[in-house]
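Report on the structure given below.
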């Protein structure tokens, strides 16, 4: 009988020591604080969502606004705002490099931003429609000029022999032909001495010399022959 009573008493849970009681008390307090923080966080999210719903509603009713930029928010707040905007049937984007500096912009559906506008915001620039239009026109003009140049092909350089036709009415076809040959010779220096390459005379001086030679030939042809 004594052995049975001893076994029953030994199987019963011993009362907690003072150390165990303190640990359990701290655990209960910590759980209570955590629950309170969770409730506060939940309440803050609810209040934030209501505030965003109010701002989005005011934005929709304001016909003078087509877009709205919000202050930087954390990731959770941005997620809530994006959800509110989607429910309202609007468009929203987040911009900013660092997470602490990222912000949300919302747009009315009929005024959705273009790719150029979004690119400006992504680079931290303000969107200027007038400058964007000027940039677009310059780009189109440059592209048009490139296409026209490609269709025309390489530029044709007029040969030196064109001087014959240019000056034939002034000094005669024969003299103009000589001038053309002279100009052509001045361009082909590959097989002549260096001294012959340096012809510093102007075109007028060369033509005057040719005229003089022509007059000299003509005067020689007109002299009477002696028997």
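Cβ coordinates are placed from backbone N, Cα and C, and glycine is handled just like the others.
If you look up Swiss-Prot, you'll see 1-45, 118-161 marked as region 'Disordered'. The feature N-acetylalanine is assigned by Swiss-Prot to 2. Residues or ranges marked as compositional bias 'Basic and acidic residues' in Swiss-Prot: 21-45, 119-147. What Swiss-Prot lists as motif 'Nuclear localization signal' is 35-51, 122-139. Under the heading domain 'R3H', Swiss-Prot lists 46-109. The phosphoserine feature in Swiss-Prot is assigned to 114, 158, 202.
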Taken over the motif 'Nuclear localization signal' (35-51), the predicted model's pLDDT averages 93
Measure from the Cβ of residue 114 (phosphoserine) and count the other Cβ atoms within 10 Å, all protein chains considered. 11
